[in-house]
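According to Swiss-Prot:
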type	residues	note
DOMAIN	79-389	domain 'IF rod'
REGION	2-78	region 'Head'
REGION	79-114	region 'Coil 1A'
REGION	115-130	region 'Linker 1'
REGION	131-222	region 'Coil 1B'
REGION	223-246	region 'Linker 12'
REGION	247-385	region 'Coil 2'
REGION	386-429	region 'Tail'
SITE	TYR329	site 'Stutter'
Amino acid sequence: MSYSRSVYSSSSVVGGSPYRSLSSAPRFIPSSSAASVHAGAGGSGARISVSRVSSVGSGFGGGYSGVSNVNLIGGGQNEKETMQDLNDRLASYLERVRSLEAANKKLEVQIRQHTEKKGPSKDWSPYYKTIEDLRKQVFDSTLENSQLVLQIDNARLAADDFRVKYEAEMAIRMSVEGDITGLRKLIDDTNVSRMNLENEIESLKEELIFLKKNHQDDVTELQAQVARSAVTVEVDAPKSQDLGKIMTELRAQYDGLAQKNRDDVEKWYQSKVDEHTVQVNLDTEALHSAKSSVTDLRRTVQSLEIELESLRNQKASLEGTLHDTEARYAMELEMLGGTAMAMEAELVQVRSDCQRQQQEYQALLNTKMKLEAEIHTYRRLLEGDGSFDLQDAVPTVTTQTVKKVITTTQRIVDGKVVSESNDTEVLKS
């Protein structure tokens, strides 16, 4: 951002005599031009044309060229005619003076009205309400912006909390899934062990059946042998043991042993089955609990994802609202800056108009004073003052230099003119 100032100055010379220089001539030739006043609508842009009156006296013996005192009292027909002509011209001149005074008064009224309407005023009370409204708008905008920033911060913190919770729940979910994978592997191992035990039981059953069949074959064979060898031999030896009884006892022993083995096998099998059944039940319960936990965790994750998505949407909407608000207030600030620049330009224009009107008023006042001095001179001529000096008739030539300095201030941002203001200063010398 840079500032550039350019100063333009112009000078003009205001003053000088509104009369032509007096010189000796054969006749008294006054020349005059009536003043005219032209004003635009609203009293602005007034243009004033001041009459210039010059008179060249003759018939006074060429006294205006080098004589300081002129005696107007003398005899002769030429002097009477000259005085009569002078009186007539003075009457017309006084009439013009009255018209100029009336025009001057009218112009003063217009200047006063214009000054009251558009002139600089020290009463800034009408602008206080606008300033207070603008301050209130700026304060409300700042407060709303702070609230939006606070809401965004709260939403960001809530999103961070939900992200942390989501990561924690995700870690728990991963650990539970790992436990479930381990339990599934354990269930597979248990199923393999159960199948092996079932196969072993089947093999033991087949072996038991084979043993029973062999035992039955042995018993049958022994019975057949006993039946075939039924020979009665009587000796004096002591009475032999009863083979049937012995076989019965053997059969009973074998049956008891087989039954014992069968009972042992059944007990062992039943214990193994019960043990594996308990383990399977425990594994099944753990699997059901893990499945329910996984289902709950999935529902929790879904709800957290939905809530996170809603928070993201809310954050996006808040950011969009913030951008829209910033853009709107930037436009409003730009409009207010343009209004302030326009008011500054209008103030500069009003000051320039006031200075110009003051200069015009001063010029009119100088003209009026010169006209009054000329009227006073004519009155002295009419009264026949013998001590009339030519320098009294010739108005004093005053030269006034008016220097106008125009200062232009431009505010440049990135090579573009953002604001521009003009300040006009009038210097008199």
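Quick reminder: no glycine exception, Cβ is built from N, Cα and C everywhere.
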If I restrict to non-local contacts, at least six residues apart, and a C-beta distance under 8 angstroms, what lies near TYR329 (site 'Stutter') in its own chain?
SER141, ASN145
Return one of helix, strand or coil for TYR329 (site 'Stutter'), based on DSSP.
helix
Mean pLDDT across the region 'Head' (2-78) comes out at 39
